[in-house]
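What TrEMBL records for this protein:
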{"type": "DOMAIN", "residues": "1-116", "note": "domain 'HD-GYP'"}
């Protein structure tokens, strides 16, 4: 199921007449592709992955590492930063990873602002 959600999401969105939905279809399809070609569903590599797919790959992992999930506790901010340093050029487009790293504190601040518990 984990690997099939990219294809399922793409299939659900790709036939839309709306440009925004076409963009969403591309994101759904490519957000688990990797810069080094070891991702899924197609093993696209480097600039064969759309820019929006490469950006969303970084955003998706950034969010998932910081957030608590049923299968894991949230990572410390330093560990997240270290992960992006380590995976830049393999999992992630190095230019996009560097933008995240150069602006890391701002991205952390924004993430925390958006994930603040909501008042009831």
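Each position is counted from 1, following the chain as shown.
Just so you know, glycine gets a Cβ as well, placed from its N, Cα and C.
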Mean of the pLDDT scores, which run from 0 to 100, over the domain 'HD-GYP' (1-116): 96
Counts by DSSP class (helix H/G/I, strand E/B, coil) across the domain 'HD-GYP' (1-116): 72 helix, 4 strand, 40 coil
